[in-house]
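Undergrad: The structure is given below, and queries will be raised subsequently.
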Amino acid sequence: MWLTSYVLPRLKNILLLQFHITLPLNYLVLLLLSTVIITYLFLRTRILSNYSQLKDDVSDENNINRKDYMDASSASFLLNREKHKGFTSYLDEFLSAIKIFGYLEKPVFHELTKSMKTEKLQEGEIVLLDDSVGFTIVVEGTLEILHKMDNRHSNPSGDAAANATAFEPPSNDDGYLINGEKFQLLNIVKTGNPLSSLVSIMKLFSNRSTHLNEGTHPSTTNNTPGPGSPNLTGEINSFLDSTLPAKFGSADSANGNHPISPMELESTFDNLSEASENDRSAKIPDIIARAASDCTIAIIPSSSFQRLLVKYPRSASHIIQMILTKLYRVTFKTAHTYLGLTNEIIFTEFQSINKDNLKLPEYFRRSIISYFTNRQDDTGSSASTIQKRPQLHRRDSNNSLNYGSRHVVLNSRDQYNPGDLLSNVPLPRLNPQQRNDLSNTNSSSTLSRADYRPIILNNFSSSQFEETEVSSWRLALVEIIFQQLGITKDTIEPPISDDFSLHDHSLDEKGLVRRSSYSSFTSLSSSIATHSSNHLVTFLPRESQQFSRLNRTGGKMASHSKRLNGSSRSNSRTDRSESFDHFRNENLGGDNQFSDFESVKEDFSKCIKILKFEEGETILCQNSNPQGIYYLVSGEVDVISETKDGNTDESYERTLYTATEGYILGYLSSILGCKSLVTLKVSKGPAYLGLIPYNDLERLCDKYFMIYLKLSEILTNSLSPNLLRLDYFLEWIQLDSSETLFNQGDPANGVYLVLNGRLRQLFYEDADSDIVTQMAELSKGESFGEVEVLTAIHRLNTVVAIRDTELARIPRTLFEFLAVEHPSIMIHVSRMVAKKAMLMNFKSGIGFSGSQPITKLIGDETAMQKRYDFNLNIKSNKSSKKNELISNTVNYKTLTLLPITEGLPVEEFAYKLINALRQCGKTTIGLNQRTTLSHLGRHAFNKLSKLKQSGYFAELEELYEIVVYIADTPVSSSWTQTCISQGDCILLLADATCDPKIGEFERLLLKSKTTARTDLILLHPERYVVPGSTSKWLKNRMWIQSHHHIQFTPMEKVAEPDPIPNIKPLSQLVEKFKENTKKTQENFVKFLPDSIKTTVETLSGKYIDPKPNPKFYTSVDPIKNDFLRLARTLSGQAVGLVLGGGGARGLSHLGIIKALEEQGIPIDIIGGTSIGSFVGGLYAMDYDLVPIYGRVKKFAGRVGSLWRMLSDLTWPVTSYTTGHEFNRGIWKSFRDYRIEDFWISYYCNSTNITESVQEIHSSGFAWRYIRASMSLAGLLPPIVDNGNMLLDGGYVDNLPVTEMTQRGCKIVFAVDVGSVDDRTPMSYGDSLNGFWIVLNRWNPFSKHPNIPNMAEIQMRLGYVASVNALERAKSTPGVVYIRPPIENYATLDFGKFEEIYQVGYAYGHDFLQHLQEKNELPPIAGTTTSAYADKENMLQRRNSI
């Protein structure tokens, strides 16, 4: 009752109580508060958030355009597949086959083809391939090349062979039984390819036994199985030539060749002499061709080549030179670099010229040494080279009375020469008739020691022709070299045939008969003139040239020819015949007659140099350019072959033989114009050598062009059977630009070796799709296709030619033959292929694409490295990469400098680039139109120029590592088109201050449809890039793969003074006001503190006197030379710097960079993660340490400010902060700069948590992607880019070294500042109590380690991929790993800037100094002082912020 009467009413009153709170709010205060809020929002959104207004409006468009461009390029390759599948005629296939001869003039072409015939072959018919057949071409169908197996390798027993039919395929699909002999299939020749080998073509010119009027026919036999099949009588002709040497090149003495005795062979080639006597006497394998289907072959008989040699000897010499060049590139180069047959190549050289070791007479040898010593004593110089000349022989004293002599006065007398015996030495000289008789009996070979006779000049009176001592041994050296090489007077003269008019009597065309008769009396005229000059040369050696020339151009022989021809040539000759006569006169040598052999030797003797090398010195290094032909006067020289060990990449030497007095060295490289295959080192010295320099040798051989015929004859007669076999079965292939070699899915029937040019490998994901992935680019010296051939699978990709390319094809069947007959060669190839396959797996596993040594995979892994699986890396998203085509194996052989428009200083730029490339250790040569025209000479504007150009360019690529083509001609010039077609990489030069419109040269580039890599070179007058200007150049140029900023001021613009402007009166007042304002400011600033003073100066420079184009200084440090940086990048020797993430610990990056600069280490590419991306981006932007120091310190102060962080806090749903202050701090450092505007190449990475991939950023606004790379999860929100959320790149790769190696960096300095992983073993059982964890942390006596909390576990989980990537980076070859001692600093210790900076600098300085002292610092190209360094006028400034 009490409850209801007392409590309830009071409770009701309490609930009905009303409270009134009055807060007086003045209208003015409300207005002020609203103003503050609105102002804050306006400042934050409009002014403080300017960075958010920067829209990347061209990023997506660039990506789409680049992809479309690449797809279009791939589509052009697809269209090219059908390019050669249309209708082709016999003529097309014939012209394709004779490309091996090079360009042929019309008369030469007609001379070769007028006797050509075709033969129809039915399936199964046999063609015997020997020299009598001539040059054979397959114009329709397919032929199989078969090789007779030795009995040692024949499996069938004698009874089985006896019971076999005339033609029976054995169990092996690639073998046949013909008349009981087993033949192995080595190659399949298809339509448009020649059956004749390179050696057999040269033999068509050198085979003097073939009669010019003898017709030759192929020996064909129908070998279809059946009792009626005719048997092959006798043995099939031996391989190429029955007179060739057997196993080791020993020739039949009946042919004038004198084999090396077994004792000599054992003393020079131990490895070759180990073969048994049976091997030496074994017959050379026979070669035949079998028609695999009904086919047609075209045959140019050997008589056509002999007629060509008589009528057009210079053209024949050109063909021989072309074949010799291809013999080296196809056969010798494949044998040397791929099959490891260097020994046999050097043995070929030995057999060619050193079989008969002709020593210089002792008195000449001592005279040379004495004269050389006296010259050094007189001049007081240590130079080891003097110019001299040689003569050639020693004389049999028993026959000295049979020859004429001339007296030579010698100056040297010593204790070995009693009295005056050598004061008046008679030199033997044969008279012309004796010399001709001698040379005719030994024209095809050098003389043996027993048959040795000196080559004698004319029998002149000793009183008229008394020689000095120097000229005597110069002529003696020349004569000995000539004798060794088999060069005689008949050798240098074009061959003359007395029955030349009989060749074409069977022809019915009157024009041809008339031309033939004209040629006959011309040849007869030349023959009579030659005989006349031979009789007159004894008395009038100088006038004989004029007389001989008179005979060939008219004079007395004209009347004789009129009697032969019945009409006057001078009255009946037409304009066409005049042109024909001019061409023939050029082919006969023009004014250079060959009758005076003494003048030839005189020309060679003028070029002789004498060199002296001490014991142990190197005369010639392997892979160096040819220096010329050496003759060893005194001493001994080791011929050494250097081979690299594939496992350790170290080279080891092996002495092939030791050359003694009388040996000729450097012959093969000088004749073929190739790099030396061996090293020449003095083993017993001092060694004196006579040298005919390479340039002089080339000039004289071009003058006396018939020398090439003799040299080719000696070379072909000395080839070993293995080289002959290779020559016959290696196929030379020529591809035009954008032509497809083979398509993906084609049968793998051969291995290819790139001889010249460049190819690209493409992979199609689907046969019906145009989606293409570029796999790799292949350049000169690289091979491909081995894996498919050895595993018998189809082609894994499509290969297309980027530019005109030459290749050597090794058939699959040849591999199988080598496996049976030469297991050692096959083992060598198998090791190389296995190594390549291992490297491919290694690259595909960890993302590498470059050819790096596999040092970390073979036997040297540490226990820690074995714990990590390098295949667990998270690959980058390729669609985000702008420079998708960056090649990691930068091995450009040719560079093209092409201006975008007229007026750019291309030649000056080329001069500096070539000097920089040379400073980087690359042998480089530049070609412009002027130098090329001077080489082409009179052929500059005729059809022969294309042939001479291609040969000239190929020769330069052999001699130099990089050839730079300079497009210094107008856009309509053919030279500009040539430069575009020859470039592996095209450098487009553009003036960065001009309008970025498409230039006329770019239109020509697009019209040429080249697929070569194209880089843009932006030339700046100062080291400054206007923010955003680079993207204007790139956004409309989808064909650009990369760009480079280069400071370059043309020399003609340096001295130009600035124009004096006309100042108007109003302008004068403005200038006077500014001057007074400046004085007032200076007086006012004196009374301000330093902090305010800096702000006033900044505002004054920004608003009162702004400079639209600020001047930036150029560093005087040579390591920052832009041309050296470009040269290292283009030559694959770039130096990269990778800066890892680690928060405040990354401030030590600044000290590491300072230490690198002090050590003289240049940086060409920079990459980074998190704080490393920030510091690296600042350095890449200015490429100088001074300005970035202040910016990094300012940023550290902003991030370390507690008040700024508190003002940026937000509700912690996604992150604790909004990210505004962090964004603004980064933006204030980079402003509106884009990554493309950075002075040196730069990239950073981030983690795409939307697509779960790693993003690589190398374009776009710098602040945005650097902010993405620094976005620590939980502290900062992710950055959104095209709908993808980007976080800190350290979660996937905290040290992105892999991307750096993919960009072609040879040396990478990787700085790791990440936290150290806690690898303490844990042991707490199968369950875990949280209270125990807390007590364990507080218990100081506990033996259990601290258990990580949930946050630590999540962090470790996020960094699993990064730890694996870090271990992979440490084991990457070429990486210098740097880890400063910054473990005591936390991630957010930005307030300790100076301390962390000094720690990084001190450690970097000591670390690099330690590497240098231990000689472990990798050599960096371009860092040594060079004579090529340019001294430029540079703008300087003081070292201040």
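The first residue you see is number 1, and the count goes up from there.
Positions of Cβ are set from backbone N, Cα and C atoms, glycine also.
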Undergrad: According to Swiss-Prot, which of these ranges is region 'Disordered': 154-173, 254-273, 494-513, 934-953?
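TA: Checked against Swiss-Prot: region 'Disordered' maps to 154-173.
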Undergrad: Quick check on the annotations: Swiss-Prot lists motif 'GXGXXG' for one of 277-282, 1141-1146, 1411-1416, 1435-1440. Which range is it?
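TA: The listed stretch tagged motif 'GXGXXG' in Swiss-Prot is 1141-1146.
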Undergrad: With helix taken as DSSP H, G or I, strand as E or B and everything else coil, how many residues of the motif 'GXGXXG' (1141-1146) land in each class?
TA: 4 helix, 0 strand, 2 coil
Undergrad: Can you tell me the three-state DSSP label for Leu672 (nucleoside 3',5'-cyclic phosphate 1 binding site)?
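TA: For Leu672 (nucleoside 3',5'-cyclic phosphate 1 binding site) - judged by DSSP and reduced to three states - the answer is helix.
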Undergrad: What Cα-Cα separation, expressed in whole Å, is found between Ser624 (nucleoside 3',5'-cyclic phosphate 1 binding site) and Ser1170 (active site, nucleophile)?
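TA: Just about 47 Å between their Cα atoms.
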Undergrad: What's the CA to CA span in angstrom from Ile640 (nucleoside 3',5'-cyclic phosphate 1 binding site) over to Ser1170 (active site, nucleophile)?
TA: 53
Undergrad: Let me know the model's mean pLDDT on the motif 'GXGXXG' (1141-1146).
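TA: Here the mean pLDDT over the motif 'GXGXXG' (1141-1146) amounts to 92.
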Undergrad: Would you say which of the recorded positions Ser624, Ser1170 has the most Cβ atoms within 10 Å of its own Cβ?
TA: Ser1170
Undergrad: I need the CA-to-CA distance for Tyr688 (nucleoside 3',5'-cyclic phosphate 1 binding site) versus Ser1170 (active site, nucleophile), whole Å please.
TA: 64
Undergrad: Out of Ile608, Leu656, Leu672, give me whichever of these binding-site residues has the highest number of other Cβ atoms within 10 Å.
TA: Ile608
Undergrad: Cα of Leu672 (nucleoside 3',5'-cyclic phosphate 1 binding site) to Cα of Ser1170 (active site, nucleophile): how many Å, rounded?
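TA: Approximately 56 Å lies between the Cα of Leu672 (nucleoside 3',5'-cyclic phosphate 1 binding site) and that of Ser1170 (active site, nucleophile).
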Undergrad: Let's check the environment of Asp1288 (active site, proton acceptor): how many other CB atoms sit within 10 Å of its CB?
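TA: Other Cβ atoms found within 10 Å: 26.
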Undergrad: Across all the protein chains here, work out how many other Cβ atoms are within 10 Å of the Cβ of Ile640 (nucleoside 3',5'-cyclic phosphate 1 binding site).
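TA: Total other Cβ atoms inside 10 Å, all chains included: 19.
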Undergrad: How big is the gap, in Å, between the Cα of Ile608 (nucleoside 3',5'-cyclic phosphate 1 binding site) and that of Ser1170 (active site, nucleophile), rounded to a whole number?
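TA: Here the two Cα atoms lie 66 Å apart.
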Undergrad: Quick check: in three-state DSSP terms, what is Ser1170 (active site, nucleophile)?
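TA: Reduced to three states, the DSSP call for Ser1170 (active site, nucleophile) is coil.
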